[in-house]
Amino acid sequence: MRERIRLGLNVDHVATVRNARGGHAPDPIRAARLALQAGVDGITAHLREDRRHIVDKDVWVIKEVCDTFGKPLNFEMAVTDEMVSMALKLKPHAACLVPERRQERTTEGGLDVAGQIDNIGEAVRLFNKAGIRASLFIAADPAQVAAAAKVQAPVIEFHTGALCDAFRDQERVSFDSELKRLQIAVAQAHELGVEVHAGHGIDYETVPFIANIPHVRELNIGHFLIGEAIFIGLEAAVAKMRDLMDGAVGSLG
Ligand SMILES: CC(=O)[C@@H](O)[C@H](O)COP(=O)(O)O
Ligand SMILES: NCC(=O)COP(=O)(O)O
């Protein structure tokens with residue numbers, strides 16, 4: 001029988017709304033606390049180089065909150081000296097290395113691990129040594145999966161943005177091919193001994209397809225859940241996503 005898939009909530013999007021007015025509300029720390037009370041398995045926060053949503057102070061307090069609940073913080077970060085040294089001080093449960101471009105609206109693609117073996121390999125080595133689980137946010141691309149295994153990353157998080165966009169745009173052909181690509185990449189990572197997570201753009205409609213893929217161990221979801229919380233509240237949104245994940249495991253054949 002498959003293990004229950006973990007659900008991590010990304011609280012960046014609460015900070016985006018807060019920062020739009022430059023004040024204190026809504027508070028991403030309060031969202032993290034509420035979500036943990038509602039049963040999420042961890043919190044994700046992305047400290048962007050431009051600090052457009054989460055800021056340094058948030059990260060330290062979110063880490064404290066996670067520690068209080070005995071739940072993991074998944075710290076998303078660019079592969080820069082500043083962020084690597086921040087992560088080594090913060091000591092989150094996991095550090096997820098993501099590509100970053102100042103001009104992008106959101107994280108548009110996966111990390112080019114194959115093209116930056118030395119740089120990324122060094123960050124993974126430092127994190128492995130410090131007891132931080134290094135996670136690489138990559139596209140479902142066989143060359144990137146092989147490179148992630150080569151640098152001994154214990155975890156890969158697959159970028160599901162293109163898959164979820166194809167679903168929403170009703171691009172059946174590209175949705176089917178993105179799903180196939182993801183299924184193959186998950187199987188490859190599993191065979192190479194790398195733990196598989198997935199995230200970006202996941203909503204109620206797309207989650208069953210992703211949760212149904214064998215060997216996916218964790219989903220990190222933010223934007224949709226925080227948006228949905230406006231209408232039904234965070235606890236209810238988390239509970240509904242949880243039900244859909246549990247119902248999906250093994251159900252789509
Ligand atoms: C890497 C990733 O997918 C997340 O960080 C998430 O989508 C957060 O939002 P931003 O991309 O807006 O920082
Ligand atoms: N790493 C993906 C993540 O944390 C959440 O992405 P999104 O649901 O905010 O698009």
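Quick reminder: no glycine exception, Cβ is built from N, Cα and C everywhere.
TrEMBL: automatically predicted annotations, no manual curation.
Between the candidates Thr106, Thr160, TrEMBL assigns the 1-deoxy-D-xylulose 5-phosphate site shared with Asp12, His13, Arg48, His53 to Thr106. For the 3-amino-2-oxopropyl phosphate site, TrEMBL records Arg21, Gly201, Gly222, His223, and the single candidate of Asn10, Asn74 listed with them is Asn10. Within 10 Å of the Cα of His13 (1-deoxy-D-xylulose 5-phosphate binding site), the following recorded positions from the list Glu76, Glu157, His200, Gly222, His223 place their own Cα: Gly222, His223. Here the Cα atom of Thr106 (1-deoxy-D-xylulose 5-phosphate binding site) is found 16 Å from that of Glu157 (site 'Transition state stabilizer'). The 1-deoxy-D-xylulose 5-phosphate site is set by Asp12, His13, Arg48, His53, Thr106; from the centre of their CB atoms, other residues of the chain with a CB within 8 Å are Asn10, Ala15, Thr16, His46, Arg52, Ile54, Gly222. By the rule that a residue counts when its Cβ sits under 6 Å from some atom of ligand 2, the recorded positions Asn10, Arg48, His200, Gly201, His223 yield Asn10, His200, Gly201, His223. Cα spacing between His200 (active site, proton donor) and Asn10 (3-amino-2-oxopropyl phosphate binding site): 10 Å, rounded to the nearest whole number.
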